Amino acid sequence: MIPPASSSRAGRRRCNPLSYDYVLVCKNVEDEGNKTQKKQTAFIDALKSKDFKVMKIVDESKVFYGIRAPKEIFEKYRYLLKVSDACNWSCEQQGEVVLSTRIRIVHFILDHTYIKNLDDLMNKNVFETKFCLHEKKQQKELRKSWARWSACFQGQPINEVRSYFGEKIALYYLWLGWYTFLLIPAAILGIIVFLYGLAFINTSPLTMEVCTADTIMCPLCDGKCRVWNLSDTCAYAKVNILFDNEGTVAFAMFMAVWATVFLEFWKRCRAKYVCQWKVYDWSEDEEELILEIVNDPDCKPKKYSHSYLKSTLVLILVTLMLVLIIGLTHALVVFRVVATFLLSGSKWSLLNENASLVAVMLGAVVHYFTLNIMTRVNRKVALKLCEIEETRSFAATERSFTVKMFTFQFFTLFSSLIYVAFFLGRINGRPGDYVRIAGKWRLEECHPSGCLTDLFIQMSIIMVLKQTLNNIFEFTGPWLKRYVKRKTTQKLQRKCGHCYKKECKDTEEGAELCENCKLQNWLRNYHLTDVNAFSLFEEFLEM
């Protein structure tokens with residue numbers, strides 16, 4: 001996937017011809033014989049051979065290379081778009097290539113520039129990071145009108161977001177806003193259903209039947225578990241009625257209709273903006289071919305031949321991965337069974353009496369950590385499978401990766417929940433003939449108040465942990481990275497003083513800034529949060 005900062009095809013603000021498109025950052029290595037430094041020098045020379053302008057600024061520990069592409073590259077890009085059958089958007093555009101398009105073109109060239117005699121790409125441990133440059137004024141406008149809590153009810157400046165980030169990011173935030181807006185009626189109905197259950201919590205026939213029953217139930221485990229009265233679960237039965245009552249059926253029917261309505265209205269909303277931005281019939285595969293020619297006019301067509309052997313191998317590996325994920329679900333079941341057995345023999349009466357409930361909660365916590373670990377494993381496996389496939393283009397690789405990753409994540413997240421919802425308590429046998437694991441541990445049963453209580457507890461714990469811990473990392477992670485970046489560039493910050501030059505204050509289109517102003521702009525963008533090929537994908541995956 002293209003990083004968010006470079007995923008646009010259009011923008012409103014033109015780039016200053018004498019500014020820089022990208023900045024490459026690497027460690028300051030004084031040893032001239034260092035292999036990494038040789039690669040860096042070779043790569044900069046390769047860019048200069050393409051008539052790129054390069055400016056170098058050295059810090060105590062960092063080296064910054066400002067990169068600016070020649071005008072001829074963008075003229076060639078415009079011409080090839082004009083003669084293309086699939087990418088006809090640019091035919092209506094006049095004047096210079098816009099900022100977001102420049103960023104995307106330069107980003108592609110940086111990622112596809114090989115180092116001569118070293119057979120290596122720039123992004124393979126040659127430079128620490130790279131970032132594009134944006135105007136300070138545009139960043140301030142977005143921070144004021146969009147990236148603040150007080151702007152939540154003002155509507156999104158989606159065209160300005162598109163100008164800064166590009167269409168891919170703008171469409172994500174457009175979808176997110178539309179999704180949040182349509183969740184309002186669903187949330188209101190959910191609250192009504194909850195209040196309905198709360199109103200009849202003491203008068204519901206189901207609750208009264210459980211609370212007034214004198215039925216003696218079989219022990220929930222072997223060994224120290226005793227018989228118990230059905231009325232002991234009165235409190236849980238009342239809690240269960242809050243989210244499992246007559247209104248729940250109506251709510252489920254409403255959500256089925258809501259999902260279809262949301263999807264169809266989103267298609268309409270998306271088509272409106274896509275047509276307005278003139279990217280309705282845009283072909284990423286065609287543009288990739290154009291960028292290949294722009295990067296290397298002498299590039300040769302790559303012959304593509306489908307390999308049934310590789311496709312079969314990928315299918316087998318995907319199946320094995322799904323079997324592994326389902327096997328982890330079985331491992332969670334065994335964990336809960338063993339935990340119930342061990343907790344039921346505890347000396348603490350609290351654990352002894354609530355062994356099954358505590359085991360379900362521990363299983364939910366283990367499931368959460370399994371999710372985090374398997375998300376990283378699934379990504380690496382999906383990328384490796386895409387490498388084995390050898391697809392025709394990067395866009396095809398992106399689509400293939402998306403299908404594999406979402407499939408893996410679906411099984412990782414929902415296998416355990418599907419087991420609890422549809423299999424728990426239905427395959428554990430009957431008194432006198434219980435199903436046992438390894439002939440020793442009795443298979444777990446549902447909570448005395450019903451299987452839905454187990455599902456509710458597990459989903460609640462996973463959702464709370466995901467929301468709290470993930471948000472903590474999402475907020476503190478960028479802050480810590482920014483703090484570290486500021487500490488590592490202290491010398492440059494001291495050098496970067498406030499400029500009082502008139503030509504810098506009243507900069508016109510095409511004017512050259514002084515060294516301090518360039519450095520100030522570079523550091524401001526360097527301190528922003530890094531983006532990578534998975535930034536946008538991870539946001540969609542989380543939602």
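Heads up, the Cβ atoms here are built off N, Cα and C, so glycines get one too.
Copied over from TrEMBL, here are the features:
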- 100-158: domain 'Anoctamin dimerisation' (DOMAIN)
- 161-543: domain 'Anoctamin transmembrane' (DOMAIN)
- 172-199: transmembrane segment (TRANSMEM)
- 248-266: transmembrane segment (TRANSMEM)
- 312-335: transmembrane segment (TRANSMEM)
- 355-374: transmembrane segment (TRANSMEM)
- 406-425: transmembrane segment (TRANSMEM)
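Between the transmembrane segment (248-266) and the transmembrane segment (172-199) there are at least 3 Cβ pairs closer than 8 Å, counting only pairs 6 or more residues apart in sequence, which means the two stretches are in contact. Contact counts against the transmembrane segment (312-335), taken as Cβ pairs under 8 Å, peak for 406-425 among the stretches 172-199, 355-374, 406-425. Over the domain 'Anoctamin dimerisation' (100-158) the predicted model carries a mean pLDDT of 74.
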